[in-house]
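To keep things clear, I will list the structure first and then write my remarks on it.
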């Protein structure tokens, strides 16, 4: 090992990494400190069950369990950890458990895996292993689980498919009361009943008064009981020997050396020698910097073995907390002291624990340290404002100057992420003081999403009063999010000293804070008015909260009137309730007939065990290469030069390809028109366009080399980002405007009896955020130019077709295959070409396999989003509110190429009226050409944006006429035989039935009265309720796409191989196709298998899109099966008592073909825009949803109290899958209408490029009561087995939440005495909600004149 340096101790030094994975010992001789645990598991150990979703600890797909033995307490501790951030070097002496280690379909499933699958909690399955491991870790660490434990465990996990309800339902069965009743009653063997009495007592399903089928959606009685004694044991070696816990470690990599010293002296010596060394505990900050900011840290020190930094010690006036104590250990320590000390002493501890609940996710808190949080010095830190308001003491130490203490006060931070700690000093510990009897500490944080989100503004108030009265002795106010550093409002504190805690004091505080906490109108982070008003609003919340507590503690008079009281509170989760109503098949049909049964997703068990293979999980091929992108960094510029010389010099780099390697004709690609380039040749028209690709031996090499490619630009003006910019510059695609005219609109405007409403509304875009980013893997077949492309695409035929065009190879040599996708939602319909084509090109050129999976930030930057829309409308209505005519102009932001923006706009034109009959109309649409990534298909495909315009029109009409919007909706609903503006007659129109049933099931009339009551009693909390209908046309609006094929093969043993043109992305299409084939062939579903979707089995397919996947492919499968049944019929008749296998064998011996193709083209369909005639849609899916929300008028936060949905899905092929689609679509729509916001700079930079800045709904966001009913007795004669399409229609129903929020804001505005007519654009973010609730605080904030400054961000 050579001589050691002095600082590297004369003790035992190890350079070998030893840890356990799933019970097996792993010894790594030369670990590289840059390796993450996830990379090691997937690439070195080939355990691909653990997924990469974001690489920043924001989605939980990579969750694993880490177990360590605590010698002092003699116990094993289990932690859920993000493997994407955890350095593998930190695993020394620990045991890692991955999803593969707890159960498998080949041996035995663990109850955690079994229950989520059976409860239909796994759709695309990409997030499932992470959720399984979060739950598994909770089970291992907690003997009696409550719902709040479960809530906390899932804070760091996201799912984009399910809507979360099914996961919670499955896992609720692990809650203490459920398990105990279950196990105590198990031995009697009577289906969990003792003496015929159900173990659930009053909760027994027989005692339920409702007629819900909730009990039958999955069978709880079939669950394996959970037996903790059967869990794998902790590796005995790690328990018995303390060797690994005590070693001084040094791991040297290519760029980084990792030290794990064992004493404080050796730590300080290292810091003296390497003053720039990073001290890392959880790697939650440094890991993100290394991955996304490409920082290189030559020396990393891990202080987890140093006692002084890892202990919590009681001192006279509080606790000394070691700087590398994790946030979770800090919470556990504080809880211990809260239990034993007088309540008043631990007020600080309670506040810190409350804040920690909203701090990142559980996986991050398990490893991130308090010292890291302080030293990182993020201006939006959640904890630092509290620590600064307390002016905690920080103990520092260095080898040269010894120990010193500093206060964390207004002088601690010197500038952005800089502080007064010297380079060679180490933060040893933090002293958190007790509070005294008359001291209160409160903190509030407001973010886009409540759980696991960075704050917009955090406020911490530490105030001490004079004994037994309400006069302020001293006060400190700490704020995050209001400056480049965490800020103490010292002048405000001085001004408030000596004042009484009353409303006069509030006014003084407001005035001082406005002066002391200014924000430039161009400040980073945007939302200037909101952030400034939050400082005052959060102070008001703290004022109310402290006043309420003082009243209780010692003042003994009510300092706060009940009307204002709820302003002090924050929203908290509760155990969600739910019910599902659907038609039970039961014994109405033979057992083998699977149609109509709530069968679980066919891959669910494999998804829960990590055995389901996604594109990037495929085994490494011999000689495989990795492809990395060189992307444009300008939104509009001429490319002067591209220089890849430096990149090509890097060892391991094989090639660089750009536009020079293709003819202009080959380089031209696109979904409908070839109006974009595979590799940009002369001019970039957006950031994130592909300039070239680097191909190298592995991912790290390829990506590092891609960063060395030098591109010179010359910028071009104008840069058009927003729809308004495009209108100003008349930047529209040349095919537009186009429109639909029906009746005589002008006459309705001229009629003096009609009232005219004129306004506009805006709807933001939405990032798809499928958990699996775009991926492709191409394998050349070495002869005849054959190529196999495995891709994560909804449209394999398109990939093969474009690959054929780019490579100049006929399509019969190219096979595109899709096994499954980790979510698609439209985002993988057309934009997959950006990834698959360069991969195919490189593989073809180099004749070696090439792979690529986009990083999350690349995916969000390159692949476009849902189209933002601007809708301008003018309507003529009678005084009763009946709409007579409407003129509507619709603009969508298409981005740099047409892609699918045209058809998206068409659908918006078709759906501009949602579910309302408007006899006269003129609708025109424009696609704006902008310098943004090309926007694309997204669930709903323009439909939700068009319908949103209709609903805004309805609310405007209601406000103008002084009526309730729900009444206006009701009188304008479509009825049977009404004719739409595109001349389609509505038949089997169940809109009214859905509406009536929704009103009845949601008990709407009574709840409206309750809400009115609630709003009268609460000034700062308001509730609103709204019901919204939907009518969604099912079909591709382009006639030729309405076709599908299938191939059914019966083998000699009777097993059936089914192939069809649809792809599986979690929506359960394969499962439904198996059910259709099972009924058609009359065999059990277990005999039928679908392998994948591939262009050599079923050619010329349409994309799996437009909700038509099961309609089109189901009919094709049915036709193929019917052909085979006909061929087998004679053998059935000859041998009526024979088995399926007998008949198949007899047919084979008789030389009868046992394979058949089916083909379906939707009949009588096709619409002509020019003539406004023909049939646009095959049929419609109808539904209605009623939602109730509560808003916090001070912070802008909101909570969905209850949602009831009624949908007409005909006769469902699989009610469990359909209800899962409704809930998942609804929650995606909820994100669209409330918390999901795309953030672009005025020059076209996307700021929201990962789960850190872009928030999708989490577990805590689902309605507290969530009921879904499928309308009964409404068969649909135009689709397979009378079913209806379900993918897209439910999404728009989430606008019921948006309009309920609007009603709640209206109630707040009524209280404030401001006009009741107001504009609220979608999404209704916390900022928009707060600023719409105008009051005395918002009026104090001065607005800057538009045009007088450059805003930080713009709305596209």
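Just so it is clear, glycine is given a Cβ too, placed from its N, Cα and C backbone atoms.
Look at TrEMBL and you will find 15-102 tagged as domain '2Fe-2S ferredoxin-type'. If you look up TrEMBL, you'll see 54, 59, 62, 84 marked as [2Fe-2S] cluster 1 binding site. The feature [2Fe-2S] cluster 2 binding site is assigned by TrEMBL to 124, 127, 159, 161. Per TrEMBL, the feature domain 'FAD-binding PCMH-type' maps to 251-437. The FAD binding site annotation in TrEMBL covers 279, 280, 281, 282, 283, 284, 285, 286, 359, 382, 427, 445. Taken from TrEMBL, the feature Mo-molybdopterin binding site covers 794, 825, 939, 1106. Look at TrEMBL and you will find 829, 907, 941, 1037 tagged as substrate binding site. Under the heading active site, proton acceptor, TrEMBL lists 1288.
Taking Cβ-Cβ distances under 8 Å and a sequence separation of 6 or more, the neighbours of residue 124 ([2Fe-2S] cluster 2 binding site) in its chain are 160, 161, 770, 771, 772, 820, 821, 822, 823, 824, 1065, 1066. It is 49 Å from the Cα atom of residue 279 (FAD binding site) to that of residue 1288 (active site, proton acceptor). Here the candidates are the binding-site residues 427, 907, 1106, and by Cα distance the one nearest residue 159 ([2Fe-2S] cluster 2 binding site) turns out to be 1106. Comparing Cβ neighbour counts within 10 Å across the binding-site residues 359, 825, 941, the minimum falls on 359. Neighbours of residue 941 (substrate binding site) among the binding-site residues 59, 281, 359, 427, 1106, defined as a Cα within 10 Å of its Cα, are 1106.
Of the recorded residues, residue 829 (substrate binding site) and residue 939 (Mo-molybdopterin binding site) place their C-alpha atoms 11 Å from one another. Ranked by CA distance from residue 281 (FAD binding site), the recorded positions 54, 84, 127, 1288 have 84 at the top as the closest. In this view, residue 54 ([2Fe-2S] cluster 1 binding site) is surrounded by 26 other Cβ atoms within 10 Å of its Cβ, with every protein chain counted. Residue counts for the domain '2Fe-2S ferredoxin-type' (15-102) under DSSP, helix first, then strand, then coil, are 15 helix, 31 strand, 42 coil. In terms of C-alpha distance, the listed binding-site residues 54, 62, 127, 825, 907 place 54 closest to residue 285 (FAD binding site).
Spatially, by CA atoms, the binding-site residues 127, 283, 794, 939, 1106 include one closest to residue 54 ([2Fe-2S] cluster 1 binding site), and that is 127. Among the recorded positions 62, 127, 427, 1037, 1288, the ones whose Cα sits within 10 Å of the Cα of residue 1106 (Mo-molybdopterin binding site) are 1037, 1288.
Within the same chain, the residues at least 6 positions away from residue 127 ([2Fe-2S] cluster 2 binding site) whose Cβ sits under 8 Å from its Cβ are 51, 53, 59, 60, 61, 157, 158, 159, 160, 161, 771, 822, listed in sequence order.
Spatially, by CA atoms, the binding-site residues 84, 283, 359, 794 include one closest to residue 1037 (substrate binding site), and that is 794. When the record's FAD-binding residues 279, 280, 281, 282, 283, 284, 285, 286, 359, 382, 427, 445 are compared pairwise by CA position, the greatest distance found is 28 Å. When averaged over the domain 'FAD-binding PCMH-type' (251-437), pLDDT in the model lands at 96. Geometry remark: residue 359 (FAD binding site) versus residue 62 ([2Fe-2S] cluster 1 binding site), CA distance 19 Å. If you take the C-beta of the residue listed as 'active site, proton acceptor' and look for same-chain residues 6 or more apart in sequence within under 8 angstroms, you find 939, 940, 941, 943, 1032, 1106, 1107, 1225.
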